[in-house]
Every structure is written in C-alpha cells, then in structure tokens.
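Worksheet for the structure shown next.
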Amino acid sequence: MTAQLNPRGDVAVLVPAAGTGVRLGPGAPKALRPLAGEPLLVHAVRRIAAAPSVHTIVVAAPAADVESVRSMLAPVAPVIVVPGGAERQASVAAALAAVPAGPEIVLVHDAARALIPPDLVESVAEAVRSGHDAVIPVLPVVDTIKEVDAGGRVLGTVDRSALRAVQTPQGFRRSVLTAGHAAAGDPLTDDAGLVEKQGVAVVCVPGSEHALKITRPFDLALAEHLLAAGA
Ligand code: C5P
C-alpha cells in the first residue's frame, strides 16, 4: 500500500506516539490504550486522514511495537511507521526524517490528542499556506495561575490574559521545522519551542476543546463521553 493519502495534498502530518503514558497508570504505551474499544492512535490517524489537505502521515511508534502498529493502522489509512526515540523530540525528528519529497507544510500532532477535529488540521495548515512559518492552536487559560516555589509557597500571580494553553497540531513550513530540529538542544515539550529559539515568529489560531490531551484517567473518561456524544 502506498503511504500517500491525497496525492494533491501539500501537508505531511507527523504523529509522535512513542510515549509510555505513565500518568494514565500501568498498561500499554499510551497511544495504544483503548478509547471506546480502539487505540487512541487509531482515532487520531482516522481523523487526520479525513482532512483533505493531508498527503502523508508518519507515525513514530514505540520501537518494540512498530510492526504491530503498522498492521493496526493498515485498515485505517496509508501511513509510514518509524520507531520513536527516548524523548518526544527524538520521536518527532525520526518521523520528520521519513517524510517523502513533496509536502511543504508539516504538522506535528500528538497521538494523545485522539479526538482531533479534521477541521483543526485544515485551519492550521491553511495558516501556514497563507504565509506563516509556524502556527500553533491555542485556547485561553481559564484557571488563575500562580507561580510557586518547591515548598508550595506562592511567589506570585501570573496575568492570565496574556497566557494561552497550547495544543497540537502545530504547523510549520517544512524547511523551518527541519532547521529547528537540526539545531535542537535539550528536549522541549513542543516543536514551536524549537523554532522560537531560531527567532521564527510563531502565530496562534483558535484551538479546539475536542483536541484535549488524554493524559490522566479522567481525560480518558471525558473523551469516551465526547465520543458517545458524537465528537
Ligand atoms: O509525554 P507527553 O504526554 O507529553 O507526550 C506527548 C506525545 O508525544 C504523545 O503522543 C506521546 O506518545 C509522544 N511521545 C513520543 N516519544 C516519546 C515520548 C512521548 O512519541 N519518547
């Protein structure tokens, strides 16, 4: 099977899915945990593949699970599966290295955000297509945020109006993401952080509540509920 979805698409989506997911409790690697009977990764890939601009999907799987992930995803969508690394950043770099010639827009989407709406893939890609080098989906921060010391003592209150919670998919002009990873130092928790260090302007687009990151058991229960409600 070819690893190509829409041959006229201009977007490659990298899906880091090699994390262990210790915060979900003991069990399989997080991306392979079931949500309504199917692994999180299957949900994520199916939704990404439904976005019309997507040309290629590259999944970074736990090294021990590459073959099983390949078989698992074969009926879902044509995908390239590579072994991930010890850190998320290494998993993204491995996936990026496997993108074939063609797509000039690269999105990075965490498998843990399994209910990604295809429209969000399109809106991030469109913002890159319209000329931005780096684009992140964000939501306003609803809680009051305090800075605290190691002993739990409050040091101060942060101005929440200037803060945003950042989701994925994050989108980049391909050359910008490649340069960011080539220059990467200590692992960061997102890809926009890498290109920020290169002085690249990163712009925000509206995120989606449905793109929540499934990290703890409560998130899994919430995602099950959203799916049952038609998400
Ligand atoms: O660890 P965290 O929940 O922030 O992981 C975000 C995403 O990065 C998840 O989809 C996870 O599977 C992925 N990841 C990875 N390789 C690692 C660690 C995390 O692909 N070594």
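Even glycines carry a Cβ here, placed using N, Cα and C.
Heads up, TrEMBL stuff is auto-annotated, nobody curated it.
Database features, via TrEMBL:
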- Arg23: site 'Transition state stabilizer' (SITE)
- Lys30: site 'Transition state stabilizer' (SITE)
- Arg160: site 'Positions MEP for the nucleophilic attack' (SITE)
- Lys213: site 'Positions MEP for the nucleophilic attack' (SITE)
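Structure coloured by features recorded in TrEMBL.
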| residue | record | contacts (Cβ under 8 Å, 6+ apart) |
| --- | --- | --- |
| Arg23 | site 'Transition state stabilizer' | Thr215, Arg216 |
| Lys30 | site 'Transition state stabilizer' | Ala17, Gly19, Thr20, Gly21, Leu24, Leu40, Ala111, Ala112, Ile214 |
| Arg160 | site 'Positions MEP for the nucleophilic attack' | Val141, Asp143, Thr144, Ile145 |
| Lys213 | site 'Positions MEP for the nucleophilic attack' | Asp110, Ala112, Arg113, Gln167, Asp219 |
Could you check what DSSP calls Lys213 (site 'Positions MEP for the nucleophilic attack') once collapsed to helix, strand or coil?
coil
